[in-house]
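Quick notes on the structure that follows.
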Amino acid sequence: MDMIDPFGRTISYLRVSVTDRCDFRCTYCMAEDMAFLPKKDLLSLEELDRLCTVFIEKGVRKLRLTGGEPLVRKNIMHLVRQLSRHLKSGALEELTLTTNGSQLSRFAAELADCGVERINVSLDTLDADKFHAITRWGHLDKVMQGIDAAQAAGLKVKLNAVALKDFNDAEIPEMLRWAHGRGMDLTVIETMPMGEIDADRTDQYLPLSLLRASLERQFTLSDIPYKTGGPARYVHVAETGGRLGFITPMTHNFCESCNRVRLTCTGTLYMCLGQEDAADLRAPLRASEGNELVATAVDEAIGRKPKGHDFIIDRRTSRPSVSRHMSVTGG
Ligand code: SAM
């Protein structure tokens, strides 16, 4: 029953973008005037649950809800509650989500009640003005309240920051101390060329090899084998006692150990974040009440999971590597 791709990789991790909409417009992620999917094209929460259940039956052990902003999808907690039955049965090891934190103060306690233990919160700066500038629409104080609420509810929070040249590179040491001081891991991410934005990515892109070298002038970083099932590689920071993760899709991809596939809110399955090939699961889902057609479509899709991505950001390559924005498939 396990899903094994042509390169022998077992697929055990599903990321589900439950909406492409977001209440922020981060400059490296989206254009300001984004055209979102018509609501009628979205799968219902029941259909999303059905698809997730098929994947769990086929060996998915970790499921992450993402977006867009997952917590702006109407009645999202209904889906979380439904999916939590797979935690109770033991079929699923982990149910988690990636969020911008804006709605967390409303939902943190209920997430914890549904068996969510850890969440990722995206936060690129601790400076309120810079936060508003990078997110275009976001307010730092709301996110801080969300993080407070999540920790008060007992959720383990990991912060994700996209490393952006001349924006937050000088601030990462402060963010590291702050996050570790509050018992949160911090992961830094290289910006990826996904979808047209209003800026030139070459101006934003910061290779993490440079960031690491600069951090090593202040901190003692030692590589550790810690894994969360995702692509981050971690170091222990001696001065703070905390963990720092590096996600390096540009300078060093870790496609050889990829265990993931990504489902969108319209039922499209992407087998790789950095390739255009996809499989439609909505048609087989709606074609019958049973799950056999979907299961066959999933097997076919896994059978053509590509070896890896080949993202490029440089002055000669003006087009993004993939046309869709990160908000379609989520992080
Ligand atoms: N709204 C949620 C959030 O903010 O975490 C989930 C979706 S968001 C698309 C997931 C993550 O992708 C965020 O951490 C965001 O910073 C990151 N992201 C967006 N566009 C990116 C890009 N082009 N390269 C790298 N990371 C990106």
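All residue numbers here begin at 1 and follow the chain in the order shown.
Glycine residues also receive a Cβ, built from the backbone N, Cα and C atoms like all the rest.
Feature annotation from TrEMBL assigns domain 'Radical SAM core' to 6-231.
Residues annotated as GTP binding site in TrEMBL: R15, R64, T98, K158, R260, V261, R262. In three-state terms derived from DSSP, R64 (GTP binding site) belongs to an extended strand segment. Remark: R64 (GTP binding site) has Y13, L14, R15, V16, T96, L97, T98, G330 as non-local neighbours, by Cβ distance under 8 Å and separation of at least 6 in sequence.
What TrEMBL lists as [4Fe-4S] cluster 1 binding site is C22, C26, C29. Long-range Cβ neighbours of C29 ([4Fe-4S] cluster 1 binding site) (same chain, at least 6 residues apart, Cβ-Cβ under 8 Å): C22, G195, I197, H325, M326, S327. The secondary structure of C29 ([4Fe-4S] cluster 1 binding site), as reduced to three states from DSSP, is coil rather than helix or strand.
Taken residue by residue with DSSP, S122 (S-adenosyl-L-methionine binding site) is part of a strand. TrEMBL lists Y28, G68, S122, M192 with the feature S-adenosyl-L-methionine binding site.
What TrEMBL records for C255, C258, C272 is [4Fe-4S] cluster 2 binding site. Sequence-distant contacts of C255 ([4Fe-4S] cluster 2 binding site), defined by Cβ-Cβ distance under 8 angstroms and a gap of at least six in the same chain, are C272, K307, G308, H309.
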Distance check against K158 (GTP binding site) for the binding-site residues C26, Y28, S122, keeping those with Cα within 10 Å: S122
Residue from C26, C258, R260, R262 whose C-alpha is spatially nearest that of M192 (S-adenosyl-L-methionine binding site), among the binding-site residues: C26
Binding-site residues (T98, S122), the one with most neighbouring Cβ atoms at 10 Å: S122
Binding-site residues close to ligand 1 - of R15, C29, K158, only those whose C-beta is under 6 Å away: C29
For S-adenosyl-L-methionine: widest Cα to Cα gap among Y28, G68, S122, M192 in Å: 16
V261 (GTP binding site) versus binding-site residues C26, Y28, G68, S122 - nearest by Cα: G68
Cα-Cα distance linking G68 (S-adenosyl-L-methionine binding site) and C258 ([4Fe-4S] cluster 2 binding site), given in Å to the nearest integer: 22
